Amino acid sequence: MSPLARTPRKTSVLDTVEHAATTPDQPQPYGELGLKDDEYRRIRQILGRRPTDTELAMYSVMWSEHCSYKSSKVHLRYFGETTSDEMRAAMLAGIGENAGVVDIGDGWAVTFKVESHNHPSYVEPYQGAATGVGGIVRDIMAMGARPVAVMDQLRFGAADAPDTRRVLDGVVRGIGGYGNSLGLPNIGGETVFDPCYAGNPLVNALCVGVLRQEDLHLAFASGAGNKIILFGARTGLDGIGGVSVLASDTFDAEGSRKKLPSVQVGDPFMEKVLIECCLELYAGGLVIGIQDLGGAGLSCATSELASAGDGGMTIQLDSVPLRAKEMTPAEVLCSESQERMCAVVSPKNVDAFLAVCRKWEVLATVIGEVTDGDRLQITWHGETVVDVPPRTVAHEGPVYQRPVARPDTQDALNADRSAKLSRPVTGDELRATLLALLGSPHLCSRAFITEQYDRYVRGNTVLAEHADGGMLRIDQSTGRGIAVSTDASGRYTLLDPYAGAQLALAEAYRNVAVTGATPVAVTNCLNFGSPEDPGVMWQFTQAVRGLADGCADLGIPVTGGNVSFYNQTGSAAILPTPVVGVLGVIDDVRRRIPTGLGAEPGETLMLLGDTRDEFDGSVWAQVTADHLGGLPPVVDLAREKLLAAVLSSASRDGLVSAAHDLSEGGLAQAIVESALAGETGCRIVLPEGADPFVLLFSESAGRVLVAVPRTEESRFRGMCEARGLPAVRIGVVDQGSDAVEVQGLFAVSLAELRATSEAVLPRYFG
């Protein structure tokens, strides 16, 4: 049962503001709604009386962890403190808006954001994941943009765990079912398996939108007399207390059973029509301000619009179109029914606004207006059930300085190095290691999942599966495009949260750079355990500082993000998992750099960057010994900037025909993936004196495998030398070969590599 459903459904007396003022001692179930004693006292102090049942519901959802960021807000300010004026120069909208917006030149702007829908996706995987996609798409719509692509970051329990099949199957079908129905290409992401995510899967959805700069819209209610119009789907009982309450608590031993009513139900076809309706409304200049209805529903939309504006607001709640009978005011206000938007419209444009909605068969209703006061007042059949200062609901909720303490176990964890593990030496052992990693759920092909998504709908996808970053064309006439990548490593972040966040940033940045695009902006989704655990808060604060400092070093701003706490069951938290998304810009997608080898005959393979003996937290340690300990790889952000600059120049000058970043599985995995993507073999010749195991499997950061046309090798090598970037020749592409050969050690046919990689997920989930 949803917590909000515990508020009285039918009473002999409607709990109006007048009634609340005359019944100060009436008991209220604030604790069941997630409010602490001190929070309830503060609400009474703000109002000068006890809240009505409807006000109590409104404050409870808006002051929840998910909506208020009450445990993280004090730390998230560090992003602003480390963002320079130069970094802000290209930002048209940033933290605090529905999504960040970046100027990418030629009058174009891009908006992108990643958000979590973790808890609902465990309770009801299909709808949880589907509505996660729908929610982030509406955030992008609310900025005035056309959504053009989605990505996803997924974390599940061990592949062989009994419940993983249920969760993965529903989540993947939900993402594909909703995104495919919207006609949005899914251009990339990650899927990770680890026992810590059993019972607490992570479903982080990213959406990218494109707009002309003059079409930017923001969430505010301004101008007394302007009308508030609710449009989209009808309001029902689904999702009441969904992300706002469900996502602000941990699961207990009962797991998901008691939480089913809190999951929203999505209709992608309604959302598809809503997208086109919104774009026509924007084009007609009919919208002053707009807000999507997601977590906390109308409670959020009305209070945030009023709080961000220059006046107050009145709402006639009984005007809201319903799809369930006998809903209470609290339920109407807090419903998280999907596919709804709330707009501020000039009275002179109301008829035109409603006409556009009728054209698209979108239900639209005037439910209120902006006032010249400073209160949000909501009535129910003529009686006032809410009378509050909107800022106290939307932006002035509680802010906690939670206790922060480095875990007592951290020193022992860092001292437990992987150097003690037995390493492969012979050619046969190295070959077996390669196949063991490739044949594990951690590094195997994700085609079983990605083939359920449409990657090329709309015809603007330039890079998707196999590529490190997804790429889209946004301007047909000039070829201007964007590249996006998302990355995270909970294992590295557990070992060192500061460095782990920077490694996620560095990999996402590098994944964009290897496409030939220039990284320009960052978004994030910070997934952690309970903020009431001082050890979790230490992980969180360190990760925030690492990410903020890293962005400052790279000179690219954080444009927005999301925090997801309480990802744990009982006292068992997930690995700290900061997901980082990086946006890049390329002036002409025709100069993109693909992943696959063999575009040019006789390409030279070169390794850029330094390889160190770094195996702590690696996939090799995980697969061969189930080991997690030590220190993560060194991160050098100055080197990452240098790599990006070299790759951009090489792309522009035609010096590189393929590129692939090195991360999990090291050089060996990158070679295999590039060879399979290009369906061509290669011969690897390790540099003299190199340790084969270290060179092939180390996960040192700041490295890229590139294929260079034979005629451009000396020119490319000269560019790297001039800029101080290590570049080592490690082999050649052999289009006449059907194998990956490491000279003097081993060879594996492409057929065996492909079969090993592609058999894994169907074996578990097919």
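From the backbone N, Cα and C atoms, a Cβ is placed for every residue, glycine too.
Under the three-state DSSP scheme, H66 (active site) falls in the helix class. Annotated active site per Swiss-Prot: H66, in sequence order.
DSSP classifies N524 (ATP binding site) as strand under the three-state reduction. In sequence order, V114, L547, V558, G561, N562, P578, V579, V580, G581 are the residues of the chain that are 6 or more apart from N524 (ATP binding site) and have a CB within less than 8 Å of its CB. The feature ATP binding site is assigned by Swiss-Prot to Y69, K113, N524, G561.
Residues annotated as Mg(2+) 1 binding site in Swiss-Prot, with sequence analysis given as evidence: E115, N562. Cβ neighbour count for N562 (Mg(2+) 1 binding site) (all protein chains, 10 Å cutoff from its Cβ): 21.
Look at Swiss-Prot and you will find S116, H117, N118, H119, R138, Q264, E336, S337, Q338, S564 tagged as substrate binding site. In this structure, H117 (active site, proton acceptor) belongs to neither helix nor strand by DSSP; it is coil.
Here Swiss-Prot flags H117 as active site, proton acceptor, drawing on sequence analysis.
Sequence-distant neighbours of D139 (Mg(2+) 2 binding site): residues of the same chain at least 6 apart with a C-beta under 8 Å from its C-beta are N98, A99, K113, E115, C207, D292, G294. Annotation comment: Swiss-Prot describes D139, D292 as Mg(2+) 2 binding site.
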Checklist entry - Of all the Cα pairs drawn from Y69, K113, N524, G561, the residues the record ties to ATP, which distance is largest, in Å? => result 17
Item to check | Residues S116, H117, N118, H119, R138, Q264, E336, S337, Q338, S564 binding substrate per the record - widest CA separation, whole Å | outcome: 21
Checklist outcome for this item: Cβ atoms other than its own within 10 Å of the Cβ of H66 (active site), all chains, total 25
Checklist outcome for this item: Closest by Cα to H117 (active site, proton acceptor), out of the recorded positions H66, Y69, R138, E336, Q338, is H66
Next on the checklist: Please report the distance from the Cα of R138 (substrate binding site) to the Cα of H66 (active site), rounded to the nearest angstrom.
Outcome noted: 18
Item to check | Euclidean distance between Cα atoms of H66 (active site) and E336 (substrate binding site), Å | outcome: 14
